[in-house]
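Database features, via TrEMBL:
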DOMAIN    13-342  domain 'Acyltransferase 3'
TRANSMEM  20-37  transmembrane segment
TRANSMEM  57-74  transmembrane segment
TRANSMEM  95-118  transmembrane segment
TRANSMEM  156-175  transmembrane segment
TRANSMEM  184-202  transmembrane segment
TRANSMEM  222-243  transmembrane segment
TRANSMEM  272-291  transmembrane segment
TRANSMEM  327-348  transmembrane segment
Amino acid sequence: MTDLRRTGPDRRNSFDVVRLIAALSVVLAHQLNIAGYALPGYGQPSIGLGGPKLADAGLYVFFALSGYLVFQSLDADPRTGRFLSARALRIYPGVVVNVAMCTVVGAIVSTLPASAYWGAAETWRFLVHNATILVSPTEFQLPGVLTESPWPSVNVPLWTLKYEILCYVVLLIVFKATGGSDRIRAVVLTVLTALAVGWFVYDRGHPPPATGGLDTLGSFSGVHVVRFFAVFLSGATCGAWRLTTPRRRLSVTAVIGLALATTPTAESRFVVAVLAIGLGGLMIGSSRLLFSRAYHGFGDLSYGTYLYAFPIQMFTMTHWLNAENFWGLTALDVLLALACAALSWRFVERPALRWKQGRRHGPMPDTAPLAQPV
């Protein structure tokens, strides 16, 4: 795998920091959304440039970076077995431990007796569906857990992981179909990106009937497939055309700005805004703008933050939120999520990466290259 995180003359980048900012934007959006069920004046905000929501903005950055970094990984080593094992070892150890911990803690805080909790089919669906990721639907509730909450969901963000894996499979197919030709691969990715973007614009103008609730998140949805494909493939296309050199970053930024200024319809403007957010994160991530040796030493905390923040938020906000303590609880939740993320990186994610790297080339350095899933 291409070493994109190791420091050096050409390796100092801002990917770790940008990923953490994206994760924290999702955390803040969920915090505001959860508070909106109980307090007036709160709710998940939309941002400018056409109105994508704050949590979605973080997801778009994740998918754009993932498309770029996973392309780099496949470009360096396109062997199918190694690619699939690398992706599995990056995603699954963290999520399996997270789901297991949520299930065990759920037994402790559930209003049901232990026998009823462990005997409930809902408990085992939560464990199996979420730990395997691809078994649909993603399960959000545990029996007797958070029943006093107007939104009794344990870990909603898990819903995006199935789309991340689907994107990996599509990119692998592109590599296999285009053989060893870099130019053909770049052209194919450009065409696929254009098709996904066009479909995304169409969907914005012709939205499917709303079903409401978490139904649209639990199962695979064509709407989400299209928008995540558009952003992921745009990141991969940037990798294929080598668009992250300093001069080309400026060109990409100029093209995005021109598109935002000249796009004629609200639907296309929204989609351009989505691409601007995702690719803007990629351009910053590939630069040295936010590079920090101090933060680099902590490892990648973004995945753990994404996995652990929501259960923490739901518990604290359900039991302790009042009109005066929103920002105090937010600070507490962020600190607890970062602590869990650090533990996940130290004892789960990094050992898995070291084991993977050891199977290939021997011991892995502390700062392992990786492509962050959502």
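Yeah, the Cβs are placed from backbone N, Cα and C, and that goes for glycine too.
Confidence in the domain 'Acyltransferase 3' (13-342), given as mean pLDDT, stands at 92. For the transmembrane segment (20-37), same-chain residues at least 6 beyond its ends with a Cβ under 8 Å from one of its own Cβ atoms are 43-45, 53-55, 57-59, 61-62, 65, 149-151, 156-157, 281, 295, 300-303, 305-306, 309-310, 313-314, 317, 321, 326, 329-330, 333-334, 337.
Only residues 6 or more beyond the boundaries of the transmembrane segment (222-243), in the same chain, are considered here, and those with a CB under 8 A from a CB of the stretch are 59-60, 63-72, 75, 160, 163-164, 166-167, 170-171, 174, 182, 185-186, 189-190, 192-193, 196-197, 199-200, 203, 207-208, 216, 249, 251-252, 271, 274-275, 278-279, 282.
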